[in-house]
Amino acid sequence: MFTSTGSNGLYKAPLSKSLLLVPSAISILLTLLFQHYQKFFAYNLQAIKEDFQIWRLVCGRVICLDLKDTFCSSLLIYNFRIFERRYGSRKFSSFLLGAWTLSALFDLLLVEAAQYVFGITINSLPSGFLGPVFALFVPFYCSIPRVQVTQVLGYFSITNKTLVYILGLQLLTSGSYIWILALSGLISGICYNSSILKVHRILCVPSWVAKIFSWTLEPIFSSAEPTNEIRVGMGATVDIQRQQRMELLDRQIMMSQVAQMRRQRQQQGGMINWNRLFPPLRHRHNENYQDHHPSDQDTPPPTEVSEEQVARLMEMGFSRGDALEALRASNNDLNVATNFLLQH
């Protein structure tokens, strides 16, 4: 996965692990062995409205009856486990509870709106825990920094978030009316993430409930700390931990900028400089913003590089050109430049 979600695995993410294992196992059993029980997990809106089978709002919105939806939603939950590590299990479960409740309301409203505006009668929707999964795209888009990983054809950027969006698009196109679940999930995610009408205070998991689950279920779904990864020191306070996380993301962004500089240098070393013939969109945007004034005059002078640091990198076996690029991009930070050169 391209997403920067900390350590691999499900360490410090017991709720995400339970959402991966339990619904997926039930979905596989219903598909392979107990097909005659699938009717109890169908998201039948007609039965809810006409026969007042309110229990279908619960059963029909937890277990996926399509294995493709199970697979895609499981991958997305695995990527979104970063929010449980960041917020804690209680706050993460409160977000899922609020998004799940609000999306149930928006499902019914959107179905009625589709029938009133477009004349489309929708009697059933895809089953599964899909509303909260789509709702998690809201904090993912707002709070996870975009770090470039590579480029395709020199213009299409592949970032640490690209694969997650592709999975969301695959899930969106897996059913005919799943767009209603996606739209209701996004709306509920916006409402909860923006604290509209203080829903985060109303739809939350009480502390005593969180303690009960932490005593009973958390030991079952907790994962051991990865032993094959380099241990990173953790600050004693939340502010220090947040600062450490921001420093790590700054280093990732800086390294992606260095990689972009190296690719541009390789492109300019070819027979045709395609950047001069077809400038990237961000350069065109800057030119339009500056009213087509030449940008060469406003370009800041390059950062002066210490020859002593260049010599130290060359002693390690790196070329002078690579050492200069890494030091310029890292503002003469020898450690960051060395880490980048060792990884590329």
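Here, residue 1 is simply the first one shown, and the rest follow in order.
Here the Cβ of each residue, glycine as well, is placed from N, Cα and C on the backbone.
Checking Asn160, Asn193 against Swiss-Prot for the annotation N-linked glycosylation site singles out Asn160. The domain 'UBA' (304-344) scores a mean pLDDT of 74 in the predicted structure.
Long-range contacts of the transmembrane segment (124-142) within the same chain, counting only residues at least 6 positions beyond its ends with a Cβ under 8 Å from a Cβ of the stretch, are 19, 23, 27, 41-46, 60-66, 69-70, 73, 76-77, 80, 83, 95-96, 99-100, 103-104, 107, 111, 161, 164, 168, 171, 174-175, 177-178, 180-182, 184-186, 188-190, 192-193. According to DSSP, the secondary structure content of the topological domain 'Extracellular' (35-91) in residues is 40 helix, 2 strand, 15 coil. Secondary structure by DSSP for the topological domain 'Extracellular' (143-162): 2 helix, 9 strand, 9 coil.
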